[in-house]
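Novice: First, the structure itself, so that you have it in front of you.
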């Protein structure tokens, strides 16, 4: 078991504790502003209820903060699981996917307690990298349709075949918002150090939100009236 990182605020003088708290509050605000649209976007790309992504991000952050082995960590949704979750939701429905997720979590706890997780090191890195690359390409092909203002298809092959038609029916304002967001994320790390004090993803989200407000024809995510509307009990029976 890896050793936990000691909390520097436990033995710090009162003045130092205030400085640590101030820095933590600033960092948590930045993480919050980036994690909220990220969790909503990943939920949308996965075919899950949008608010379920927000709830999962909040619960995951609290659990990771309480049980994590380090005081310096950031937890959030994993984009690499988007394809897996989308396939589960498409095949079994949302309620069964929730039950599968609970089972996967219990298996992870079991593997950790039994120390079986160490055998994962026997998997060659090339296999892991290839799987992640395939997932990345699948996500990129699907989200390319979203950037252009359209709807992604059910599979990567369908997304490639439908791309020419999507380009012919381009939604100008939606494409501009998406391309500006990508451009800011790529360019921001190359700017002078003083500007990079503000994280690039936060700048990209702010700029994209501003443009979306100015252009009312940009497609928006419909949010339900309350958080609890996304809470559904798991089920063994597929929907439909």
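Note that Cβ sites are derived from N, Cα and C of the backbone, with glycine treated the same way.
The following feature annotations were taken from TrEMBL:
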- 21-215: domain 'SLC26A/SulP transporter' (DOMAIN)
- 25-45: transmembrane segment (TRANSMEM)
- 52-72: transmembrane segment (TRANSMEM)
- 92-114: transmembrane segment (TRANSMEM)
- 126-148: transmembrane segment (TRANSMEM)
- 168-188: transmembrane segment (TRANSMEM)
- 195-215: transmembrane segment (TRANSMEM)
Novice: May I ask for the residues of the chain that lie six or more residues beyond the transmembrane segment (126-148) and have a Cβ under 8 Å from a Cβ within it?
Specialist: 45, 79-80, 82-84, 156, 159-160, 162-163, 166-167, 170-171, 174-175, 178-179, 182
Novice: Report, as numbers and ranges, every residue of the chain located at least six residues beyond the transmembrane segment (195-215) whose Cβ falls under 8 Å of a Cβ in that stretch; write 'none' if there are none.
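Specialist: For the transmembrane segment (195-215), the sequence-distant neighbours (Cβ-Cβ under 8 Å, at least 6 residues beyond its ends) are 30, 33-34, 37-38, 173, 176-178, 180-182, 184-185, 188-189.
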Novice: Which bits of the chain, at least 6 residues beyond where the transmembrane segment (25-45) starts or stops, bring a Cβ under 8 A of a Cβ in it?
Specialist: 51-54, 56-57, 61, 74, 76-77, 79, 82, 86, 139, 142-143, 146, 152, 199, 201-202, 205, 221
